[in-house]
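The Mg(2+) binding site annotation in Swiss-Prot covers D95, D97, D99. The Zn(2+) binding site feature in Swiss-Prot is assigned to C96, C112, C119; the stated evidence is sequence analysis.
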Amino acid sequence: MTQRFKQLETAAQGTREATRDLLDAARWNDAGLIPAIAQQHDSGEVLMMAWMNRAALEETLATGRVCYWSRSRGKPWRKGESSGQVQQLVTAHLDCDGDTLLLGVDQQGPACHTGRRSCFYVALGADTAHVDSAPLVDPHELYGER
């Protein structure tokens, strides 16, 4: 944990910091990325986890449209760019250690590339796991043939 986040542990509600300074103090991984959890702002439903670099986060904060960093493509991934399933930013929070983001979003349609609302659809039990939701949309309709 950086000193800046250590100081925030005892900060009074309403304390203000420059976003730039907090992003400087955030704990980005060796690839310059930070995990970002997307949560539906009004229901609390956890939709997905993706990665952001600083440029993607700054774009998201500036435009209100969520942009992640695609590790597989090595470029910005503006959510909904190819599928139309856009995420609009409502809130953004850094956790107490400055190493994870929580994005409150307004998700239009499914968040998952499988066509499901959430990427978290495989429920684990001690002995068995099961799929607990069906796709809302056929992925081929979202993206065409892959």
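Cβ atoms here come from the backbone N, Cα and C positions, even for glycine.
Feature annotations (Swiss-Prot) mapped to structure.
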{"residue": "D95", "record": "Mg(2+) binding site", "CB count, 10 Å": "15"}
{"residue": "C96", "record": "Zn(2+) binding site", "CB count, 10 Å": "12"}
{"residue": "D97", "record": "Mg(2+) binding site", "CB count, 10 Å": "12"}
{"residue": "D99", "record": "Mg(2+) binding site", "CB count, 10 Å": "16"}
{"residue": "C112", "record": "Zn(2+) binding site", "CB count, 10 Å": "20"}
{"residue": "C119", "record": "Zn(2+) binding site", "CB count, 10 Å": "17"}
Quick check for the class: what is the C-alpha distance, in angstrom and rounded, between D99 (Mg(2+) binding site) and C119 (Zn(2+) binding site)? 21
